[in-house]
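J.: Below is one structure. I have some questions about it.
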Amino acid sequence: MSDEIVEEIVLASDETVAASSEPVDSATSEQTDDLIDDELLEVFIEEAQEVRETLAEYFPRWQADRTDADSLAEFRRGFHTLKGSGRMVGATVVGELAWSIENMLNRVIDGSIDPSDALVSLVDRVIALLPSMIAAFAEKQQILSPDIQSLMDEADCYSRGESWTPVELPPVAPVSEAVDDSTAEQAESEADLLDIFRKEAVVHLQVINDFIAESNERQVALAISDELQRSLHTLKGSASMAGITPVADVVIPLEKMIKEFQAHNIVADEPVLALLNRGGLLIQDGLDQLDANPLSPLAGANDLIHEIQLLQSERLTDIDEKEPVSGSRQEPKSVALFLAEGVDLLLEANDTLAHWNYQQDTDTAQALLNALITVSDSAKRVDIEPLVTLADSLIELYQRILQRQITMDDDLVQLLRDSHEHLIAMMDQLAAQQTSTGSQPLLDRISVLLQDSIPAATDDKADNQKTVSVETAAAGDVASDDMDQELIALFLDEATDILEEASRDLYRWLEYPDDQTCLQSLQRHLHTLKGGARMASITAIGDLGHELEYLYEDLCEARLSVSQELINLLLRTHDTLDEMLSQLRSNNVCRSAEDLRILIHEFRGGKTDDDQPTEEVQENSQPLASEPVSVALPDGLDPEMAGIFLEEATDLLEQIEEHMAAWQTDTANMMPAEELMRALHTLKGSARMAGLAELGDASHQMEVVVEGLQQKGSIGKDEIRELATDTEQLQRLVEGVASSFAQVLEPAAAVSVSDASDVPEATEPDRKIADVLSFPQPDDNAVSFIKAPAFLSSGQTAGNNAVEVSAREMVRVPAELLEQLVNLAGETSISRARIEQQISDFSYTLQEMHDTIERLREQLRRLDIETQSQILSRHEGELADHPEFDPLEMDQYSELTQLSRSLVESATDLMDLKDALADRNRDSETLITQQARINTELQEGLMRTRMVPFSRLLPRLRRIVRQVSSELGKD
């Protein structure tokens, strides 16, 4: 259903774009465009039926309990859908009535008005009227009757908080019966319709005159307002429905010109105002002649239409010549997809915000933030700048709320509600091809809040640093009174699992010291533990986990050698972390392990992550050649892992360049520097996990430089230039890795196990870790130790790690083609389902036919019996005189008897035909079942072509999680 709606939006948008690039030839072309397409009409009727079901389900609930906000939101959304769909397909009467009810319900939701009995009765009457209005529109008839206008006026009155005084109107026949009325009734209805048109036209004509007067008063060319465009559009529809063709012929090109000028941001200068003024005068002439001769041509109308067409063609041609042909203009299909996706998200977010208890619920802000991010990304793809600006401001505001830099209160919640309402209004304006209303007041209010939160965040950071320093000096108890207890509970559950897995990996590494995957897994576990602890504000565990992570990083990079002292330190640190978790679980307090942290720091030789001086790194980072650097790939590199790394490295390099540009633009802002550090740290870790030490070291060096500049607090042009050189070096290294990897895969020959002798031998450790590891003895004096098997020979290791690379033929298919094939497969499924339904209906018809034939045969049998009885009764006297005479024997040759037998034979033939049709129907059902299975396999095959192994996405998912946690300040 949603796909069909998207297609209808695309069709409508395509017509608009095509019309904007060609001058209007005549009013007839505009009338042709306004004809209702049968397919769109069918879609609208189906959607209207779904809306009616929604109203029938949720309105009675709210009618019974007017505090049921969920039901109110649901059937209010139904009127919103009916409004948008009605306006889209030209059902203006249905759409405007739905809009009046939706606007009134919006006021109920925000608490502006109370749901009185009269208001509920109004909604009930409108719901009861909808079926007849939809049925009339299905026959391509829509009349704005006095009853409907009265309902709209009543809804507007309630929306303003006023009481409604009914106005006595002459009764008008229902729309569904208007076609069958007599000539007198039709004349009376037409008179009422003309009277309604005259009153409505006067109101819209006043809007035109007010716009002209305002422009003349201010003596400036005003931008064309949405109110002017709506008035002309409504006037066009009213004149066409009422059959006032002279007025419609004038309004159609005038409205077309105003709509195009508004879409292209052309202001209403003197020529435009002159045409508007002349058009208003002609419309007034058309209203004056309604009673006498409403269809009489208006003098000067043809000249005005011609001048409108000339001015429109001239202005649009100038626009096309000035603006280069580019992708800046919004694609109709992209806008349609954005509307289909964004409207539901914003409506759900608006409903969520309306019921948000910010004092108890903290997860709602995250859900609202996710919805806004999705809407902003989609709006950026279709280049809707006003909506993107407001959405991005709200995203930043929600991020500050989640980081607790902004305190929630009722005023802030009201600002959020106003902003979400404005986003929905902008979507409605975009769907109606209107200019988005300005959101500058909301942006100013959000900007003030964001600016006020910056000093508070800075003070909080300074206070946290002071607190950490006091804790470090005292090494005392770390209380958690201000901690989020829910976060602590989540952290404890996660940390327990992490430490258990880390302990298993540690003992596995102690038993198999040549297994680097255990060290890498330990490093990841400690990194996750550190991030979770800092997110829960448990600084002691986070700092100790940070130091232990560096230990494992040094082991991975062979900067430390295995010794008894190192192993004892690792075991002691793991035990300490376990004790700290136990303390936190039992007492909600954990004691700082500052002495152990200092011991680890001293064991590493006093090294930190920025142990290398900035000056030394800058001396070594000289510009290299512009071509890719030759990078030696590690032996036994997994092709799939290499492909994943290259894909991730490309994304990281783009982020690095983006953050570099942002930092260069505003050197005082340290947020881009922090993001740059995160990207470099991720690239370093990924490169080292893939065994690319050279790329990892280069990333580390640049990370050290950035950290030094960040601590320095200022950055100059020379330093920016050096960072750009380092970025280019990283780019060349990544390109070198890609080139070397392509050369390895180029000869599609498999690497057999026999080639393992060419692999360089791995250096065997001097001695086993089990030999230097001593464990405490239990009470029974039984000596326990870790049994380590003998190390495998280098040849065996290389043989086991050999990778066979087989040649596979691949076909590159555009994603758009796959999307089309999937859509075609879906259409096939829909067609098959319809055929299946028709076959089912046919089977039911055959059963009805069988019952009818059986009934016919029974009636014929009874007819035959009745005939024989009558014959016998007529010859009773003759039987007495001539007992040997059989009247039935002579009567079998009568015409009645022969007809009776013929009817019995015909009934038998009909039964045979029915059986033959039933057999064919069963064969068709079998074929349809086979077709369903084939179509299912086809769809699954198409979907599989768009799928990749989940293992290939794991690194990207981990990277996304790390980035999101970093952006939310939950490192």
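Each residue, glycine too, has its Cβ placed from N, Cα and C.
Keep in mind it's a predicted model, so treat the numbers as computed, not measured.
Taken from TrEMBL, the feature domain 'HPt' applies to 33-137, 186-290, 480-584, 634-737. Here TrEMBL flags His80, His233, His527, His681 as phosphohistidine. The region 'Disordered' feature in TrEMBL is assigned to 605-626.
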J.: Look over the recorded stretches 33-137, 480-584, 634-737 and say which has the most C-beta pairs under 8 A to the domain 'HPt' (186-290).
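T.: When the Cβ pairs under 8 Å are tallied, 33-137 comes out ahead.
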J.: Could you give me the DSSP helix, strand and coil counts for the domain 'HPt' (480-584)?
T.: 86 helix, 0 strand, 19 coil
J.: Taking the domain 'HPt' (33-137) alone, what is its mean pLDDT?
T.: 82
J.: Taking the Cβ of His527 (phosphohistidine) as reference, which residues of that chain separated by at least 6 in sequence fall under 8 Å from it?
T.: Glu549
J.: Given a separation of at least six residues and a C-beta threshold under 8 Å, show me what packs close to His681 (phosphohistidine) in the same chain.
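T.: Expected: Ser699, Glu703.
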J.: Give me the long-range Cβ neighbours of His233 (phosphohistidine): same chain, 6+ apart, Cβ under 8 Å, in sequence order.
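T.: The answer is Glu255, Lys259.
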J.: Give the number of CB atoms, excluding that of His80 (phosphohistidine) itself, located within 10 Å of its CB.
T.: 22
J.: Check the DSSP secondary structure of His681 (phosphohistidine), expressed as helix, strand or coil.
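T.: SS state of His681 (phosphohistidine) = helix.
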J.: Could you give the number of helix, strand and coil residues in the domain 'HPt' (634-737) as assigned by DSSP?
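T.: The composition, in the requested order, is 87 helix, 0 strand, 17 coil.
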